[in-house]
Every structure is written in C-alpha cells, then in structure tokens.
Amino acid sequence: MATPPPLRRKVVLVTSPEYTSLCDKLEVDLKKLGLLEALLASYGLLKSQKLEKCDFLVAHPRLATIEQLEDFHDSNYLQFIQDLPSSSSASSNEALSEEIVDGLKQYGLFDDCSMFSGLFDYMKASVGASITAAKYLKVGCSVAINWGGGRHHAQRDLASGFCYANDIVLAIFNLLEDPKFPKILYIDLDIHHGDAVEEAFIFSDNVFTLSFHLFAPFFFPGTGSIDSIGKGRGLYHSLNIPLKEGISDEIYVRIVTSISSAIFKLFKPSAIVVQCGADGMFGDATEKGNLTTRGFGAVLSSILKWDIPTLVLGGGGYNAANVSRCWAHLTAICAGVAR
C-alpha cells in the first residue's frame with residue numbers, strides 16, 4: 001500500500017484593514033500594524049494562497065462579545081469603559097465629574113493607559129482576533145497569527161502597560177475549552193514580564209507560563225523574579241528567566257531555545273502560545289536590548305520545529321520600523337518562505 005502524502009501545514013494570518021485601523025488608534029504603537037501590513041503586502045503575504053510549504057490563509061477577525069470579555073475581565077471595569085464619553089481621558093479631567101475621575105484612577109485609565117476614541121471597539125477587536133486565531137487552531141491549522149494581540153499586562157479589572165484587554169488569557173481559555181488542548185505552554189519573549197498572564201494562571205497546572213524578560217530595579221512591571229514559580233496546583237508551572245540589559249542575539253537564542261525546549265519535553269503541551277513582543281530589539285525606545293530580527297527568527301523557528309499547534313501573537317515594541325520588519329520576517333518564517 002502506498003504511503004499517503006504528508007498533510008500540508010495550514011497557516012492563518014488574522015487581520016483586515018478595519019482591524020489594522022482600530023489597532024493603530026493606540027498612539028504608543030506608532031501605527032506599526034499599518035507599516036507591517038504594507039510590508040506583508042509588498043512581500044505577497046497579505047493574501048490567501050498555496051505556498052511551497054503550507055496553505056497560507058488570511059482571515060478576517062470577529063469582534064469579541066461582551067460575554068467573551070467577561071470570561072476574564074470584571075464586568076464593572078468593562079461597563080465603565082463603555083459608558084465613558086469617547087473624548088474622556090485622565091489628562092483632561094477638569095471637565096469630568098469627580099466620580100469619573102475616581103473611576104479612571106481605579107481602573108488604571110490614565111498615563112500609559114489613557115482613554116481614546118474607539119477604545120472599547122479596539123479592545124473587542126484585539127481580543128476577538130486572538131480568539132479567532134485560537135479557533136483556527138481548533139479546526140486543524142498548524143499556526144495562527146494575530147500581530148495586534150499579545151497584550152500581556154491587562155489585568156482583570158485594571159489597564160496597565162498600554163494594555164486594556166488581555167487577549168492572551170482569553171485565547172488560552174478558548175483553547176482549553178477543546179479536549180484536544182488540555183495543556184498550554186505560554187512563552188513570553190517581550191522585554192517586560194508577562195505579569196497578568198502569569199497571575200491569571202498562577203494556580204493552574206493546565207497552563208505553563210514561561211517568561212524571558214529584563215528584571216531590574218525600577219523597570220516595569222517590577223515582577224517576574226526567578227522565585228515566582230506558581231501556587232497551589234500551579235506550583236512549578238511558572239518559570240521566569242530574568243535577563244541582563246543589553247543581551248545579544250547569540251546569548252538570547254541559546255538561553256531561550258535551551259530552556260523552552262526543556263520545558264516542552266517535561267510539560268508535554270498540546271498547544272503553544274508565544275508572545276513576540278519586539279521591544280528588546282536594538283533601537284527600541286526602551287533602550288534595554290540588543291536583539292535583532294535574526295534572533296527572534298531563530299527562536300520562533302525553534303518553537304515551530306516542535307510541530308504542534310502554535311498561536312503567534314504580537315506585543316510590545318516602540319520603534320515601528322523595527323517591529324514591522326521583525327514581524328514581517330516572523331510571518332515569513334511561519335509561512336515557510338524564510339529561515
């Protein structure tokens with residue numbers, strides 16, 4: 001009997017012009033998603049097609065529902081944002097009532113997480129895109145990508161670190177609903193600790209959170225010490241790898257690939273979620289890392305070699321040209337047209 005041909009990998013990029021426009025409302029992101037999509041279009045990776053090594057699909061995201069957001073976020077937090085006038089912000093609180101100003105402070109909606117017009121639609125879009133990507137993994141896709149996701153600082157009832165809704169936690173919840181995905185390995189490559197994701201699963205033995213980040217005095221968010229290893233049933237299901245400032249590609253790739261591979265073999269996950277924050281790159285506004293596109297590419301290539309369903313998300317990065325080049329390269333790696 002002839003051996004059947006191997007199944008072709010299916011890779012999906014979740015995006016649309018409307019989604020990109022919503023994501024680019026976040027001023028700190030410097031319209032990096034728009035730049036990214038221009039690059040992807042020029043490389044021919046913004047359309048569904050059969051490539052040599054995979055079937056590449058571009059899929060439009062669906063907005064998350066209020067009920068989906070409430071699977072993690074506090075209903076009062078969500079309602080407050082919905083009810084606020086679109087022009088409200090903590091920086092113009094002279095025109096706001098004392099009650100609203102108190103609410104802005106209570107929910108972290110000031111300074112780095114100020115309100116902006118279209119915020120709630122942006123939250124629904126970012127979460128909805130990550131859930132859409134997760135659903136593609138559930139129906140057989142090998143890799144699903146949402147570059148507008150990866151908002152790892154958003155807490156249950158608190159905006160933090162430019163993050164308002166935690167699409168990562170909600171996408172993992174969605175995957176865990178499927179019996180095919182009882183165990184999820186979350187890998188965070190952002191230079192900042194993935195604090196809210198770790199906290200969400202601190203008592204869980206179904207999700208292993210692995211974060212590689214700068215851990216230094218006065219560096220946000222101030223969490224992620226090597227001593228934080230989970231609690232209760234989740235004990236030994238969190239691992240934080242504090243990195244030194246100015247880390248280079250060679251050392252970073254060696255550390256991340258060796259440790260993540262060891263955890264993969266021990267934990268035996270059924271799916272991977274990887275946050276690809278690019279703020280550790282040389283030239284980023286954080287000025288803390290010396291990583292390049294090549295380093296991030298080597299790490300993602302190593303993860304993809306495990307050959308299990310993988311959700312690839314964006315994250316931080318405050319040099320739009322850097323980030324767009326990096327994520328375009330990572331998209332090409334996922335599609336099998338770059339190494």
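Just so you know, glycine gets a Cβ as well, placed from its N, Cα and C.
The Cβ of His153 (active site, proton acceptor) has 26 other Cβ atoms within 10 Å, all protein chains considered. The active site, proton acceptor feature in TrEMBL is assigned to His153.
Under DSSP, Asp112 (substrate binding site) is assigned to a helix (H, G or I) in the three-state scheme. Annotated substrate binding site per TrEMBL: Asp112, Gly161, Tyr318, in sequence order.
Around Asp279 (divalent metal cation binding site), the C-beta neighbours below 8 angstroms that are at least 6 residues distant in the chain are Asp190, Ile191, His192, Ala285, Thr286, Lys288, Gly289, Gly315, Gly316, Gly317, Tyr318. What TrEMBL lists as divalent metal cation binding site is Asp190, His192, Asp279.
Here TrEMBL flags 38-333 as domain 'Histone deacetylase'.
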Fewest-neighbour residue among binding-site residues, criterion Cβ within 10 Å, set Asp112, Asp190, His192, Tyr318: Asp112
Extent of the substrate binding site in Å [max Cα distance among Asp112, Gly161, Tyr318]: 13
In the chain carrying Gly161 (substrate binding site), residues 6 or more apart in sequence that have Cβ under 8 angstroms from it: Asp112, Cys113, His153, His192, Phe220, Pro221
Shell of the divalent metal cation site beyond Asp190, His192, Asp279, same chain only (C-beta within 8 angstroms of their C-beta centre): Ile191, His213, Gly277, Gly280, Thr286, Gly315, Gly316, Gly317
Output field, substrate shell: CB within 8 Å of site CB centroid, site Asp112, Gly161, Tyr318 dropped: Val28, Phe162, Phe220, Gly316
Confidence summary for the domain 'Histone deacetylase' (38-333), mean pLDDT rounded: 96
